[in-house]
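Comments concern the structure below.
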Amino acid sequence: MLDPNKLRNNYDFFKKKLLERNVNEQLLNQFIQTDKLMRKNLQQLELANQKQSLLAKQVAKQKDNKKLLAESKELKQKIENLNNAYKDSQNISQDLLLNFPNIAHESVPVGKNESANLELLKEGRKPVFDFKPLPHRELCEKLNLVAFDKATKISGTRFVAYTDKAAKLLRAITNLMIDLNKSKYQEWNLPVVINELSLRSTGQLPKFKDDVFKLENTRYYLSPTLEVQLINLHANEIFNEEDLPKYYTATGINFRQEAGSAGKQTKGTIRLHQFQKTELVKFCKPENAINELEAMVRDAEQILKALKLPFRRLLLCTGDMGFSAEKTYDLEVWMAASNEYREVSSCSSCGDFQARRAMIRYKDINNGKNSYVATLNGTALSIDRIFAAILENFQTKDGKILIPQALKKYLDFDTIK
């Protein structure tokens with residue numbers, strides 16, 4: 001959440017930055033008008049309370065003064081009305097504020113959509129085939145790796161059931177991801193059923209309510225990303241400054257409606273309602289957030305390098321970043337059959353945006369004051385998509401899949417055929 005005082009006192013700057021994030025200008029104007037009304041109501045309420053306090057002293061001395069008693073009764077009703085008006089305007093102002101995204105860091109390129117993203121680097125050698133490579137969906141079917149029909153029978157479309165060697169390969173990918181980062185990040189195993197407050201704290205609600213699965217007739221949701229659980233481990237807590245930074249990781253199942261995926265690739269294991277990934281999260285002082293982001297994206301890249309998968313790094317523009325992010329890098333892996341890069345990681349610094357919503361602070365060692373921490377999150381990596389990338393990039397002419405060297409220690413086979 002943005003700091004309402006900064007937004008109010010430096011409106012022109014915030015208006016420019018929020019318009020760069022594709023925020024509707026009408027909503028900004030509505031916030032300013034509601035904020036003015038809220039402060040006016042508060043001022044009138046405070047004056048009425050002061051008057052009531054003075055009047056109460058007079059009534060105490062003149063208990064039989066009917067005029068004073070009538071005036072006191074009338075003032076109490078006025079205070080109640082003013083209090084209701086203040087709360088109403090405060091709630092509207094808060095709701096508007098919760099729908100504003102974070103403002104972009106100064107190093108982020110301005111743009112409306114993904115066409116303005118910047119490609120910063122490419123790593124790895126793309127495979128060269130003397131045959132037409134098959135898409136991972138076809139390889140899954142030919143090699144009996146994923147029982148798409150059985151998953152559809154059990155759950156519906158865009159769910160998958162990995163079989164035998166595919167399940168083992170997925171586990172090997174997961175183990176590699178954890179092992180490469182376990183020396184830096186404390187590992188957690190977390191619940192996937194979460195409450196509404198946790199989703200609000202990280203910025204998934206109210207903005208993306210149509211993309212999360214809500215459990216019917218309950219106050220619970222299925223987690224869309226492990227970022228939610230990891231960030232909320234410290235909701236309403238205060239760190240000692242010397243305990244920062246904190247690095248956490250978790251691997252698990254995530255659930256999304258993918259409401260806006262019409263026209264996007266949904267076949268195979270790329271865009272699923274239920275998917276697996278390893279998540280990285282950091283808590284640090286705000287002035288260190290961008291340097292911590294650079295380190296985090298390198299932590300994600302090392303997995304792609306270990307697997308010898310070609311990839312590129314993108315710096316996302318203002319119009320393509322996630323709601324809570326101030327700066328985001330995407331890592332995209334090469335998909336040999338479709339001849340394109342596909343996202344497997346998104347690493348973001350959120351500044352104090354999430355911490356302000358979740359009330360996560362630290363106590364300054366010098367002055368003893370409490371300040372908001374910065375939070376960072378990154379996927380390292382999407383397990384189902386890495387599975388797809390391995391199939392496409394490590395396939396052979398005779399229909400086999402070669403296992404990347406980095407995964408062989410986790411498996412009792414080195415080819416899938």
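Cβ atoms here come from the backbone N, Cα and C positions, even for glycine.
Together with Thr225, Leu226, Glu227, Glu279, the L-serine site in Swiss-Prot holds one more listed residue from Thr152, Thr379, Thr396, Thr415, which is Thr379.
The Cβ of Thr225 (L-serine binding site) has 23 neighbouring Cβ atoms from other residues within 10 Å, across all protein chains displayed. Annotated pair Glu279 (L-serine binding site) and Arg256 (ATP binding site), C-alpha to C-alpha distance, rounded: 16 Å.
Highlighted in sequence order, Val228, Leu230, Ala250, Asn254, Lys277, Leu280, Val281, Asn377, Gly378 have their Cβ within 8 Å of the centre of the Cβ atoms of Thr225, Leu226, Glu227, Glu279, Thr379, the residues recorded for L-serine, and are not part of that set.
In sequence order, Thr379 are the binding-site residues from Leu226, Glu227, Thr379 with a C-alpha within 10 Å of the C-alpha of Ser346 (ATP binding site). Within the same chain, residues at least 6 positions away in sequence whose Cβ sits under 8 Å from that of Thr379 (L-serine binding site) are Lys277, Thr278, Glu279, Leu280, Ala300, Val344, Ser345, Ser346, Cys347. Here the binding-site residues are Glu227, Glu258, Glu343, and the one with the most other Cβ atoms within 10 Å of its Cβ is Glu227. A 10 Å cutoff on Cβ-Cβ distances gives Ser346 (ATP binding site) a total of 24 other Cβ atoms nearby, all chains included.
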